[in-house]
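Each remark here refers to the structure printed beneath this line.
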Amino acid sequence: MHAILHDHPLDSLNTFRIPARARHYLRVDGAEQLAALRADPGLAALPRLVLGGGSNMLFTRDVDGVVLHMTGLGKEVLGEHEGKILVRAQAGENWHAFVQWTLAQGLGGLENLSLIPGTVGAAPIQNVGAYGTETRDVFHCLSAFDMASGEVLTLDAAACRFAYRDSVFKHAEGRALVVLDVTFALPATWSPNLRYAELARAVEEAGLAAPTPQDVGRTVEAIRRRKLPDPQEIGNAGSFFKNPVVSQEHCARLLVEFPNLVHHAQADGSEKLAAGWLIDQCGWKGRSLGRAGVYPKQALVLVNLGGATGDEVVRLARAIQADVKARYGVELEPEPVFI
Ligand SMILES: Cc1cc2nc3c(=O)[nH]c(=O)nc-3n(C[C@H](O)[C@H](O)[C@H](O)COP(=O)(O)OP(=O)(O)OC[C@H]3O[C@@H](n4cnc5c(N)ncnc54)[C@H](O)[C@@H]3O)c2cc1C
């Protein structure tokens, strides 16, 4: 087992760059370390926080327990299975580097998810998605260590209960599970997924009549670089709010008063609204509260303007939520995990 470190700084381990410390900190490369932790009476009883790349977390306090930093590396092509190519990666692999690696192997399927920060092990947690593809679309199975039983379990897509930015791991039944590795099923015969209008337009404008997976990946990267702040330069956790889903009736009422309302009909008849548009309309784009601000190019992204605390970001988020609720009667739910 790696050495347990104490009073360990987490500032550089979260993309918001919020100062926080862990009372205990352990690098985890595999199931053996988790089994050893479980067997240690002093450590087993402590609260745990599983940490990947810290790109979907907001620290509002120090962690009075043990941080399990997932650092296991390794990736391999497993072979063909029912018309798909199975590819497995360890939880600590950097997500974007893994996507690039699959593309370099000549395998398409993950290109729409290019440039998302974080680790492979975290991708199933909120069913990471972008530009018309979600983790569940390319997921085969994962291995997870159950801190409750000490067993290593294999979960298929049904067991993961994927939904929009959600999975079993965010609920009581899945909270004891630590993802060790993830296996993806990539298409043996690839065709581009250009359902997302902005991506389709960008591919067309680039004159890519028959785009390759790499072409699509590069196009996604270019769009993201234009719109989103680089966490290396300005602290943030990507989209700060989920896109709210409302009933058809609620949406129809809003359209009477706000004819430009951005909305997308869902298969179940509900309507998904664009959280960024709602925030922008409330006049928040580019504004700040203390050292926390709303990114001028994308109202859905809250940023650390330099030296912000987690509480300052929360204060800004609450003010935005209150304005959107007052104007549209819509509750905005934060996407990052508040610690
Ligand atoms: C600039 C930017 C852009 C982004 N764009 C997108 C986007 O387009 N789409 C999108 O969906 N997200 C996006 N995100 C959010 C984020 O990148 C993803 O949610 C990513 O999967 C988080 O990975 P991570 O390793 O950093 O997880 P962390 O932030 O470390 O953890 C997130 C949650 O997952 C849990 N967790 C992490 N690893 C494991 C594991 N191995 N086992 C069990 N639980 C685990 C943590 O306990 C925590 O609850 C963006 C973030 C940034 C900063």
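Cβ coordinates come from backbone N, Cα and C, glycine included.
Listed in TrEMBL for this protein:
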DOMAIN    17-189  domain 'FAD-binding PCMH-type'
ACT_SITE  Arg165  active site
ACT_SITE  Ser239  active site, proton donor
ACT_SITE  Glu335  active site
Between Glu335 (active site) and Ser239 (active site, proton donor), the C-alpha gap once rounded to whole angstrom: 7
Cα separation, Ser239 (active site, proton donor) to Arg165 (active site) (Å, whole number): 11
In three-state DSSP terms, the structure that Glu335 (active site) belongs to: coil
Mean per-residue pLDDT computed across the domain 'FAD-binding PCMH-type' (17-189): 95
Chain-internal residues, separated by at least six, CB under 8 A from Ser239 (active site, proton donor): Ala275, Gly276, Leu300, Val301, Glu335
Cβ neighbour count within 10 Å of Glu335 (active site): 18
Other CB atoms, at most 10 A from the CB of Arg165 (active site): 18
